[in-house]
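See below for the structure under consideration.
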Amino acid sequence: MTEFDADDETLSALPQTGEREVETTLRPRKLDEFVGQPRVREQLELVLESARRRGVPPDHVLLSGPPGLGKTSMAMIVAAELNAAIRITSGPALERAGDLAAMLSNLAPGDVLFIDEIHRIARPAEEMLYLAMEDFRVDVVVGKGPGATSIPLEIAPFTLVGATTRSGSLTGPLRDRFGFTGQMEFYSDSELELVARRAATILDIDIDRDGCAEIARRSRGTPRIANRLLRRVRDYAEVRADGKVTRKIARAALEVYDVDELGLDRLDRAVLTALVRSFGGGPVGVSTLAVAVGEEPTTVEEVCEPYLVRAGMLARTPRGRVATAAAWEHLGLPVPAGATRGDQGGPTLFDQD
Ligand SMILES: Nc1ncnc2c1ncn2[C@@H]1O[C@H](COP(=O)(O)OP(=O)(O)OP(=O)(O)O)[C@@H](O)[C@H]1O
Ligand SMILES: [Mg+2]
């Protein structure tokens, strides 16, 4: 049995129901308001500025990285920086090529088309996208069977911004058609402090420096989580104290919400515990591990693992998942001889299997 309670999602990097509105309020609107990601920011700035000077739409942009790191926010910033309209859709919504054709033919020159979760786009729509991205053209097939003809249709020059949590599942031809790929990395604690500070100002929350630092440290490198923990800590401060968030208040609040010192939540701990206790530390396949904690493999893979890898507690090897020495230590168990020392794998390991 697992100790994970599916309702407990305080630390999930995925958006929760009802969170959309506050997320919109907290979204940075301009590149220089966007905290962190210095590399992606600088690279994008160059791509956008050069396109602006040449008076053409910039190359297509792919943003990849784990949930909650700001891909959607960045896509909107791209449009805002270009003073362009943004049309938003997602891979799963583009089931039929006709859906995509309709979107594409409605674009005005210079528009930004944002396709979220682009790795989930259906094959026929993907193939239509190739031509659209390359030649600003789509071939619309009219009729069926031997009498079917394909009519080429011009579309306005546009910029595609794609977002994906799994750039590894993108096909080669699609990936190759993006002129620029921004790999979003987990945020440092000091960057997350700035994220929390900025959100506190917008939401009018009275919080001191230490309070921000405490939230940042437990946010798993993820702004979405920092913003959520800030709101939970605010609730606690208002109900149990005088509303002001200090380190002491933040610590007490986070304890109530079951957020541990390293920012691991119950699902992370359940994954590590299963790995260590039921599978002797691995190696074990991700599907088997997912079954053991009662979760979908993709949740374990895309939500838990990137952070566990980054925290140096889990290693992804060709033979399966392996618990590192740090994992045994974190669970308070003796480290077996031969356990791997965790390297700071970082998000580059994100797409490996
Ligand atoms: N760099 C940042 N500075 C300030 N806030 C940020 C930053 N990045 C993300 N956020 C906040 O985190 C929340 C989630 O960001 P966003 O929706 O852009 O992430 P995402 O990468 O698109 O996530 P998903 O993969 O789930 O779609 C937003 O509410 C936004 O306010
Ligand atoms: Mg998003």
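Every residue, even glycine, has its Cβ placed from backbone N, Cα and C.
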Record says LEU26, ARG27, GLY68, LYS71, THR72, SER73, GLU134, ASP135, PHE136, TYR187, ARG224 bind ATP. Source is TrEMBL. Which of ARG39, ARG123, ARG177 does it list for that same site? ARG177
If you run the three-state DSSP split on THR72 (ATP binding site), which class comes out? helix
List the Cα distance (Å, whole number) between LEU26 (ATP binding site) and ARG321 (DNA binding site). 36
Quick check for the class: what is the C-alpha distance, in angstrom and rounded, between PHE136 (ATP binding site) and ARG321 (DNA binding site)? 43
How big is the gap, in Å, between the Cα of THR72 (ATP binding site) and that of ARG316 (DNA binding site), rounded to a whole number? 27
So what's the mean pLDDT when you look at the region 'Large ATPase domain (RuvB-L)' (7-187)? 92
Can you tell me how many other Cβ atoms are located within 10 Å of the Cβ belonging to THR72 (ATP binding site)? 20
